[in-house]
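Student: Before anything else, here's the structure in question.
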Amino acid sequence: MNQFMINYLEKIVNIPSPSGFTGRLMEVLGDDARDMGYEVAYTSRGALMIRVPGRTGARLCLAAHGDTLGAVVRSINPDGTLRIVPVGGYTMESVEGEYCTVHTRDGRTYPGTALTKAPSVHVFDDARSLKREEENMLIRLDEMVFSRDDVKALGIQNGDYISWDPRFQVLENGLIRSRHLDDKASVAVLFALLKEMKEREMIPAQELLILITNFEEVGFGASYLPEGIPELLVVDMGAVGDDLDGREDRVSIVVKDSQGPFDYNMTTRLIGIAGERNLDYAVDVFRHYGSDAAAAIRGGANVRCALIGQGVQASHHMERTHVKGMENTLELIKGYIGL
């Protein structure tokens, strides 16, 4: 088991980073890459770029995203509960009953719980039947507050960010269950790659740009790429379920998602490498999925794209992956970059 990779995943999963509230995570990632000896820079919107010299001048971008799902305070109700708007796309059922943290503009944090407007079967006739949608959800602050003024006295205001508790666990059988495996599992894979290359003095076949984006969950993570990068390999979660062949312990190689097909030659090469290295992999089509590849193309990048990633079951819910899926993803990347 790659213990560094798992420990690093636990570390970053526990740093709150909903889209738009990623500053602390990006600072930590940048510091860690710099401590490994890599050259680091940031885009104007705060995405992290890590340069890895290669054996040739050709350039390849490996991209994963550090931003996650979350919420923002929409307004404060008269009884001291909070109305919210989601950050990213998820069902309200996926967060009902979840613990969360409210982050104020001056750096204070407060615990809360996501509930419906009718949370108790002992009180409300519609506790079971109330539709789980944004208008019917609220955050109960787990503080002694009973009015709007009580809440404002804590420094909480409209627009404050809310992060969902990840509840990270690694089981003895290698399964990892946690929120935010999409896509912090891939970030951990890329940092395991960076560590291995530095410690073993491995030089990739071409110069690498490791790009950690911070707005993927809202659609424009990789909308900027530097000039002169002809290939983008997105490392994101592999979907699991229904008629898909993906599984938590496999690396998924994606032929097409909801935005269109990926580059034929890149995808064919990835499939070939997975077979040559005897990796456990799946080739799939994701019908309800978009990624930083589409963001890059919409942003005008002259780039060909492919997508891979460890399988994540129940994505945008209580997610689950496996150590072996992350390791298969790491090995496929190493094969693609000539290591």
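The backbone N, Cα and C atoms fix where each Cβ goes, and this holds for glycine too.
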Student: D182, D249, D257, D280: which one does TrEMBL list with E217, H316 for the Zn(2+) 2 site?
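Tutor: Among the candidates, TrEMBL records only D182 at this Zn(2+) 2 site.
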Student: For the Zn(2+) 1 site that TrEMBL gives with H65, D182, which of D106, D126, D142, D236 also belongs there?
Tutor: D236
Student: For H316 (Zn(2+) 2 binding site), which of the listed recorded positions (H65, D182, E216, D236) have their CA atom within 10 A of its CA?
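Tutor: Cα filter at 10 Å returns D182.
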Student: Counting distance between Cα atoms, which of the binding-site residues H65, D182, D236 is nearest E216 (active site, proton acceptor)?
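Tutor: Minimum Cα distance from E216 (active site, proton acceptor) across H65, D182, D236 lands on H65.
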Student: Could you check what DSSP calls H65 (Zn(2+) 1 binding site) once collapsed to helix, strand or coil?
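Tutor: DSSP assigns H65 (Zn(2+) 1 binding site) to strand.
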Student: Within 10 Å of the Cβ of E217 (Zn(2+) 2 binding site), how many other Cβ atoms can be counted across all chains shown?
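Tutor: Its Cβ has 25 other Cβ atoms within 10 Å.
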